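What follows is one structure encoded as structure tokens, with my remarks underneath.
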């Protein structure tokens, strides 16, 4: 095993990377409230794992979406637990994100030179809410259907481009299969890639600039 480790160490400098990660200075004023961002990340990782597991059984069609969710809940081994954890973790992720935003704002963590970290965090918040909106519709039950109906109809109030935006969200002039397909694609592909990119940027900025000082 030592020879294997030495082989990788020679090429990747694992020890230097580990020392850099573990030796980062943590200011003395940091308390449990500074962990809210990390808890939000943990919730996202749980979301990713449980969501990925459900993609093996979920069917994104208006005819089979609801029955496939019922199948996950009633027939798949531990399916009820996986979906329940997905729902609970989604609520926890939003709650932790809100508390994290409040903590950063109240402690002045958005001030110079951390403006870009704040902006990327706001974008991450928007993406998180978008996850909630798109995921809410996927069971395609009465609640999900009418939620999509309302959400996709809101932009119609915007002058000139409102109808175009609504049609883009729905995939047509009315809510149907195209709408479910778009929401499913956004929830399982587009938004995960977006949040991964902005999370990476967010963490690199924090790593570079460190934790903000006390007020």
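The backbone N, Cα and C atoms fix where each Cβ goes, and this holds for glycine too.
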Item to complete: Write down the single range among 11-31, 53-73, 116-136 that appears in Swiss-Prot as transmembrane segment.
Response: 116-136
Worksheet item: Looking at the stretches 32-52, 90-110, 186-206, which one shares the most CB pairs under 8 Å with the transmembrane segment (116-136)?
Response: 186-206
Item to complete: Using C-alpha positions only, work out which of the binding-site residues 86, 100, 187 is nearest to residue 35 (heme c binding site).
Response: 100
